[in-house]
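This is the structure, below, for whatever I ask next.
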């Protein structure tokens, strides 16, 4: 595809540029409107500038992807009500053997949870608890936060419902849930092992800190209790830095005493709720949530339509709950769905300018997946674009082109090309703090935590993220097959 008219190229590029700036930096001083409004602004400009007609804009919105995303979010809300994420949190602390054991558990549980419940959800519900465990064991939070975010990204590569870009790839490629899972699973397992090894090597000494007597005594008061962060889907708007630093005491000793007091009160309250016996109706509903979720995963594995399967599971849970679904539906991140609508239109308009096609025509001869050098070039392009333009827009921009290039080699290589795109675009999120929403969620949750506040800086993440991303991407590529 050749470049469009000069006016269309310039105006389309301006529209996409505004979308990109607000998606990556949602609180820029000259227009601090956030990601969701930024995506709608980019879409509107594409129509105002006549890059797309209103009909073309509407047709570019991918309803199967939005339906699958909505359905999985509703199922996640009901799983939270059934204490699924609380049980995952308890697995982290159950008979823990120290800092290194805890780090390994975080990597494994984060990866498993992300494959089934998305990486963003996993990071939302586990960050606060990971901070609590680090504090109780007198360990630095940094390695555990890095483990949580990076393993969530790696684990989410395994299934179409693990992250938004996988949803896009699964719907556009029509690869079944089972083939997607088996195609990436070996690479994911090896990737988690390498990721854990890198973290252990980098933080071996700091993970062996011992608790002093006072902390051991204080921990005995709250041992066995779980601070659980309630599920609240990630919003696409930007959080202000205002009030991010919470002071709870004057000197350090007083601060620790107040924190421990709050922890005792909170955990005693939570413990009381846990010990309260559930009614038969509550037990029945809880069991139904797990059965419906298992049924949904089974239906996905046998190849039923993913979007309608997720919607069916969500509606089944709403009907079984037999009460007003408003409070549960309120927890769905509608801002994320709106963000996707705007992004679909904006990316479609940018594709129509011809710039992505011209770029790919230049790179394609050097980025074919039938030889090692081509795989390396393709992976580098995906990795850089995923960190520059974010992974979902990268998949939307490159997906069809990568599949077309693979089809020219052999139709049998097309599914593998899609899975390579899924693998690299997701693992690329570990490169920098801005590489994925999961990283930003962990960073923001940790920074805003009133009891265990910790700031994970861009550079401290990059020191770990750069080698980890390059090694895991390279080692995983030969293991991907479909």
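Glycine too: its Cβ is placed from the backbone N, Cα and C atoms.
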In TrEMBL, which of 252-271, 332-351 is tagged transmembrane segment?
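My reading of TrEMBL: the transmembrane segment range is 332-351.
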Among the residue ranges 218-242, 418-442, I'd like the one that TrEMBL describes as transmembrane segment.
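Per TrEMBL, the stretch marked transmembrane segment is 418-442.
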Can you name the far-off residues of the same chain, 6+ from the ends of the transmembrane segment (288-320), with a Cβ under 8 Å from a Cβ of it?
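Counting only partners 6 or more residues beyond its ends, the transmembrane segment (288-320) has Cβ contacts under 8 Å with 63-65, 67-68, 70-72, 74-75, 78-79, 81-82, 84, 116, 160-161, 170-171, 176-178, 181, 328.
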Tell me, roughly as an integer, the mean pLDDT over the domain 'Citrate transporter-like' (27-428).
82
Can we call the transmembrane segment (9-27) and the transmembrane segment (332-351) in contact, meaning three or more C-beta pairs below 8 angstroms at a sequence separation of 6+?
yes
